[in-house]
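A.B. asks: First, the structure itself, so that you have it in front of you.
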Amino acid sequence: MNLQKLKSFRKLQTSYNNQSCSLQCFASTTEPKAHNDFFEHGVFRDALDPLDGMPQRDIDASNHNHLLFEYARTNNNAQALKHFLGIRRLGLPVNGASFSCVLKICGSFCDQIIGKQIHCDCIKHGFVEDVSVGTSLIDMYTKTESISMAEKVFDEMPDRNVVSWTSMLTGYSLKGLHDQAIDLFLQMQIEGIKPNPFTFATVLGALADNGAVVKGMQVHTMVVKFGFELTTYVCNSLISMYSKSGMIKSARSVFDYMEVRDAVSWNGMIAGLVKNLQDLPALDLFLKMRLSGVKLTQPIFVTILKVCANIKEIRLSKQLHSILWKNGMESDPNLRTALMVSYTKSFEMDDTLKLFNSMSGIKNVVTWTAMIGGYIKNGDMIKAVNIFQQMRKQNVWPNEFTYSTILTSHQIISPSQIHAEVIKTNYESSTSVGTALLDAYTKLGNMSDAIKVFHQIQEKDIVTWSAILSGYAQSGDIDEAIRVFLELQNNKITPNEFTFSSILNACATPNAAIEHGKQFHGRVLKSGYEIALCVSSALVTMYAKKGNIESANKVFEKQSEKDLVSWNSMISGYAQHGYGKKALEIFEEMRKENIKMDDITFIGVISACTHAGLVNEGEKYFDLMVDHGIEATSEHYSCMVDLYSRAGFIKKAMNFIDNMPIVAGATIWRSILASCRVFKDLELGKIAGDKLMELSPQDSASYVLLSNLYATSGDWKEREKVRKLMDERNVKKEAGSSWIEIKNKTYWFVAGDVSHPLSDLIYGKLRELGLKMRDEGYVADMSYVLHDVEDEGKEEILNGHSERLAVGFGLIATGRGVLLQIMKNLRVCGDCHTVLKFISKIEEREIIVRDSIRFHHFKDGECSCGEYW
């Protein structure tokens, strides 16, 4: 500042008298609003006007501007605006620089009304065509929520320089209008305007947010062409773009090539690594950043604490905590929240609580929510709910993240009560809250309320769609699941791995057609999500449950990474399909891989032993659970009773029941009764039957099993007593039914069914097979006819069993060699089991039957279950 300017500056600051001046045009249009909006609200309350009463009106504009610019430079914006009003009130000369400066100040105040008044004054005094004024107008309007006015100013500018274009680009980016920003950048190229580094930084940011990485790479080549590849803030934008697009190697190349890196460069690169799940490289780069001497800022501490949380590195978290304390940054709410999250993920809830309790006066909804989430992640739902209640007592209002978090503890809270509060606080239409409510309702089996919530969510994201799909899968409603999947595609929403996982789980339900799963597997392959662990695990489960254990194994073998769901699905799948030894091989392979097992793993293993008659092995694996720290549950005890019972060791099963630490439930006594019926043990069967009727008086299976036992033993009087008791208690026997899917259409049959149009052909085919079977040595087992009729009538009854009708229809409706797959709601009877083995040999067909217990693979006269059907 030269001596003359310094004198002028001091003169303007100290020259005061009370001379009264008439208002000029601008004062008449702007001062009332200025006073209303600024003086009354305190913005100018303490601001002195150095021009009040000043006699020297002949000072040129540059001197006035200098004081104006000085105020603006020192962020004394209120004083700057008041000074400008004083200039106009006195009628002192102004120029484009004056208007440009004050318009930028209006932008910083986000006050569009004064900005518009100054805009009018620009027009009146002919400064609107000034490039700097036009650019400042664009900047002011974009910052005051009027992008349309900014566009109008931009379009009407007679001359536009690179700063004008960049301001308009920045405005579009600030408003999230990334497509418009990209189009404007292209138009800029057409008009021959050479971009500057700020232009490139802005457009790269827009491309990053729009996911347009291909265009971003093209812009990168332009950056190099114009010689800005070493400009720090341009490189920072490139790092951000590549990181957001998942091209972390390209981001690292830009970073490594930089000659000058600032804190933003280091922060951006480290945050990019974390975003792309490269926590250890991020930690390594952080250590290099510390060695480089770059000042550590709040964002980098937040990022590294997130890394510590991800990898559960509690020692580094505590070291960072110490650094923050020494540098006086510990009180920063964001850093405290990041520290809390890091401690909770490392299971250090005591330290988390100490940190939380030390935040007196600065606790906010974010820290309360972090505390609630920490307890939930550590499995302490009760403490999480207690913290939520304390938060409400202290009048801290939950936000959408709080509600979304607390709803995950739906086991011990009432989602409907939280729902009522959500409605009162106007969060019902929030995507995250609505999705959390929807998920809570579906997990509690309340699909009606879940559907209502789904329809009330205004902006449904892919997580919302996946949640409702998961609900339909859980409820077994495959038709609605498919409808929702098609609807989300019609809404131009791209399914992700969780969406496919949900729909595949729906395809694994009993009511789903076999072809549904295959069709969605095809979509998975096209989308490229077959490598996603949750998708491949869902495919393994789906194929195993739908009878295609070979396809399940193919998917399993291709998995580069296998989770516990995959291992458990293959073990239980092989067990259910009768391949017990194969199931045990998978289990032993799992042990070699040191995969942590759970209670479901051992249920599958013991079931495999049960279906293969491997009693000694089953006992060994039951005892092995202790070594893996797994406590036996009622399901494990049921499996052991079933293991002994199916092998004919009914008395051993009874001894096992007597020594169990739990009371035997209906499932256990049902296994005993079923085995007594097979092995004709009437005495123990009566005991089991009485227990069953006491535990489940309305369960028809209990009465049916006991009456079948009496019928098998020829005790028709006792059988009639059981049937009469069913009538007295109004217990209805579930009708046996079977169904078969042919060409995407399902055909249902019940015992003795003659409703099918091809009934004559079906029964004819079965009679024809009966003759061939007799030639092969088949003799009907009449004990499975539970009616006191002649043998000829009994054979006719057996011939009308629903599974035989379904197979007969399949044989005449499909070509030779086509695999037949039958589903049955009850257990396959022993005689039908024998007949299906004969048919598979005579017809040279593979027949798969899924009954209420397991899968049976009939091929070449044998069944996968052996003698343990």
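Using N, Cα and C of the backbone, Cβ positions are placed for all residues, glycine too.
Per TrEMBL, domain 'DYW' is recorded for 777-869. Feature annotation from TrEMBL assigns repeat 'PPR' to 161-195, 231-265, 364-398, 461-495, 563-597, 598-632.
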A.B. asks: Could you give the mean pLDDT over the repeat 'PPR' (231-265), rounded to a whole number?
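C.D. replies: 89, rounded to a whole number.
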A.B. asks: Who are the chain neighbours of the repeat 'PPR' (231-265) in space, where the CB to CB distance is under 8 Å and they lie at least 6 residues beyond its ends?
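C.D. replies: Counting only partners 6 or more residues beyond its ends, the repeat 'PPR' (231-265) has Cβ contacts under 8 Å with 197-198, 200-202, 204-205, 207-209, 211, 213, 216, 220, 223, 271-273, 275-276, 278, 292, 294-297, 300.
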A.B. asks: Mind tallying the repeat 'PPR' (161-195) by DSSP state, helix then strand then coil?
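C.D. replies: Within the repeat 'PPR' (161-195) the tally stands at 26 helix, 0 strand, 9 coil.
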A.B. asks: What are the DSSP helix, strand and coil residue counts for the repeat 'PPR' (364-398)?
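C.D. replies: Secondary-structure breakdown of the repeat 'PPR' (364-398): 26 helix, 0 strand, 9 coil.
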